[in-house]
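Heads up: the structure comes next, in structure tokens.
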Ligand code: SF4
Ligand code: SF4
């Protein structure tokens with residue numbers, strides 16, 4: 001008897017949960033139905049990449065200690081760390097470093113695990129090339145910092161939907177200084193710590 005009651009109660013709970021999730025999904029759909037499409041006139045207008053965007057990797061040659069941790073944590077062992085052992089100072093000496101962005105999956109494992117923080121993800125996503133071999137970046141190409149969308153005089157930067165003020169869906173002609181809805185990552189970290 002109790003067994004049957006428990007089964008009925010579990011079934012009712014499951015049905016209610018399913019109805020709740022369907023309702024949440026439909027709420028998102030109906031919310032989108034009220035919005036007008038917004039056209040970004042690329043390349044004259046560009047969306048500002050989010051704070052955690054994983055674009056082309058930046059590499060600082062002087063900080064690298066040739067430990068090859070980046071190679072071991074990479075799912076495809078991609079970074080090429082070319083070093084020689086310097087007997088005089090008993091240390092590895094970095095000769096050459098490269099990452100092939102034609103193969104990289106931008107997972108950021110290498111960036112997370114590098115012990116000297118000499119790797120970082122940038123906001124650069126325009127990596128198209130006619131020859132795939134041009135995507136194999138050496139340490140010089142990796143050391144170049146990208147031009148920020150917000151600093152490019154030829155481009156009108158636009159905020160992504162998540163960075164617009166509450167209730168605003170149109171990123172064009174936003175009044176300057178308008179605050180985005182929600183909290184910034186550093187505010188969330190501060191709140192968690194306190
Ligand atoms: S993990 Fe960092 S320090 Fe070590 S070889 Fe890679 S880039 Fe250099
Ligand atoms: S981002 Fe991922 S795939 Fe690309 S080099 Fe780093 S670890 Fe490898």
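In case you wondered, yes, glycine gets a Cβ from its N, Cα and C as well.
Long-range neighbours of residue 64 ([4Fe-4S] cluster 1 binding site) (same chain, six or more residues apart, CB within less than 8 Å of its CB): 81, 94, 97, 116, 118. In three-state terms derived from DSSP, residue 64 ([4Fe-4S] cluster 1 binding site) belongs to neither a helical nor a strand segment and is classed as coil. Annotated [4Fe-4S] cluster 1 binding site per TrEMBL: 64, 67, 70, 114, in sequence order.
Secondary structure at residue 107 ([4Fe-4S] cluster 2 binding site), as computed by DSSP, is coil. Here TrEMBL flags 74, 104, 107, 110 as [4Fe-4S] cluster 2 binding site.
Sequence-distant neighbours of the domain '4Fe-4S ferredoxin-type' (55-84) (same chain, 6+ residues past either end, Cβ-Cβ under 8 Å): 49, 92-101, 103-107, 109-125, 127, 137, 139, 142-146. Residues or ranges marked as domain '4Fe-4S ferredoxin-type' in TrEMBL: 55-84 (among others).
The domain '4Fe-4S ferredoxin-type' annotation in TrEMBL covers 95-124 (among others).
Mapped onto DSSP classes, the region 'Disordered' (170-194) shows 9 helix, 0 strand, 16 coil. For 170-194, the entry in TrEMBL reads region 'Disordered'.
Residue 67 ([4Fe-4S] cluster 1 binding site) sits 20 Å from residue 107 ([4Fe-4S] cluster 2 binding site), taking the C-alpha atoms as the reference points.
Comparing Cβ neighbour counts within 10 Å across the binding-site residues 70, 74, the minimum falls on 74. Secondary structure of the domain '4Fe-4S ferredoxin-type' (55-84) per DSSP (helix as H, G, I; strand as E, B; remaining residues coil): 8 helix, 8 strand, 14 coil.
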